[in-house]
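Annotated features, as they stand in TrEMBL:
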type	residues	note
DOMAIN	1-208	domain 'ABC transporter'
TRANSMEM	294-314	transmembrane segment
TRANSMEM	321-344	transmembrane segment
TRANSMEM	364-391	transmembrane segment
TRANSMEM	423-441	transmembrane segment
Amino acid sequence: MGPSGSGKTTLLDILADRTSSGIVDGAVLVNGKPRDKNFRLLPSYVAQEDSLLGSFTVLETLRYAAQLSVPSGLSSVEREARVQEAIDDMGLRSCQHTIVGDIFRKGLSGGQKRRLSIAIELLSQPNILLLDEPTSGLDSTATYAVIKYIENLSKQNRTVICTIHQPSSAVFHMFDNIMILSQGEMAFFGPPAQSLAHFTAWGYPCPQYTNPGEYFLQLVNTDFEGHRDLSAITAGFASSQLSSSLRASIEQDRTALGTNTSLNLHELRPSSFAQLGMLLHRNSLNNLRNPGVYGIRIAMYVMLSLMVGSVYVFNKKEEDLTALLFYVQAFLVFMSVAVLPFFIEQRVVFIRERANNSLSVLSYVIANFIAALPGILLIAAISTGIVVGLAGLNSFGYFLLNLFLSLVVAESLMHVLGAVARHYIIGIALGAGVFGMFMLVEGFMMPCKSIPAGWRWVHYIAFHSYSFKSFMYKQFEPMGTPTSKAILQRFDMKMLMSTST
């Protein structure tokens, strides 16, 4: 427990071995021994932010999660039993067929999403369960039910640690031990029943009819004027009998358990191949259901293709077709940046699943790539049909293949940016910058030989360059007219012409 910024989440991250920055002093012991590389297989972590895919229902979300996290030795019947049990334990039965929801569709409430996040981590029946603000967004009844279930878990030889902001009096007394933090310092640790006597002994009696949890948080909150002397409170606990007993208990456990070097690890997760099949199914269904992934993009591509195609319905001048081909290659491919926000939405789910050792990175990457291909092919086919049909271009098949491959490369680049950009706006800005640079040097604005030597290397790494040359060659080479030959020569395609002849 502790006010905002007291270090609760940081402490959980340290215990879970998930710190990505800063310097950690001290030691974390498991069964009296320092953690080893296998420790990360032990805990399941329910983070403060809910990481869920909005296109799936509660039941579907849990079934997919079970296929990733439940030991491979369990049968499908046993796996389904765990799913149904988690639904009942977290009070999600009434909304099991409700979608999670996203910016396009209304779905679960904040409290229901919180309970769903907890239910996901309960499927694997972890030996260590860490929960960061598990009651955030829950009403008092749901809070009591969730904490009661967590209390029952702790009585099944499981270690359960959670942070909590402002528990009711009933919830406060359900914990075996509470730690009160403020500014990273420990103001109390011990059974809730002993907290009242401790603070009373140091001159901070809890007023009658006051929730102890609320009072203690007010006591250690240093954000506002008139706060108590925190150093006196922490020093009081450090010199108390409770603190001495705690240190002696830790030392006794270290001595008693020092010879126990084996950890009770999870059973094996499903194989990478099994995960690949599940992830391919989940990602394909998510792409189909989420209107932002391909639905809106298809509408945009149809509109743009109709516009550019209709402009060239009656304009068959060979010189003007070069601008058309540049537009198709540059701007239709540029529209791939629109999918970036949805890749970042999927990334937060990937991070959660990966952090809890439920996911093979290779399986995820392959599944994501394959699941995207049908949508990309549909976009390429629709755009090709409209543009080639209206503008009367040559070689439908080559045009489709070229556009499809360009979109595949562009979407793959968006996957990379989605993996490294902290926010989708940053990712879109980076994507626009990269595509803008590639468009500038692909050969339409100026031939490669005219590009300054310091920038010429960009021409060779830009996939736009090869795609544009292919569009140009397949359009003008079959014509064989003096104008078409002159166009190819202007765009440095003499070698292609001589090879063809």
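Backbone N, Cα and C define each Cβ position, glycine as well.
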* Using a Cβ-Cβ cut-off of under 8 Å, list the residues of the same chain that are 6+ residues beyond the ends of the transmembrane segment (321-344) and lie near it. => 290, 292-293, 296-297, 300-301, 304-305, 308, 311-312, 383, 387, 391, 393, 402-403, 406-407, 410-411, 413-415, 417-418, 421, 423-424, 427-428, 431-432, 435, 439, 442, 444, 464, 467-468, 471-472, 475-476, 487, 491
* Would you mind listing the long-range same-chain contacts of the transmembrane segment (294-314), meaning Cβ under 8 Å and 6+ residues beyond its ends? => 287-288, 320-321, 324, 327-328, 331-332, 335, 338-339, 375, 378-379, 382-383, 386-387, 389-392
* Restricting attention to the domain 'ABC transporter' (1-208), give the mean pLDDT. => 89
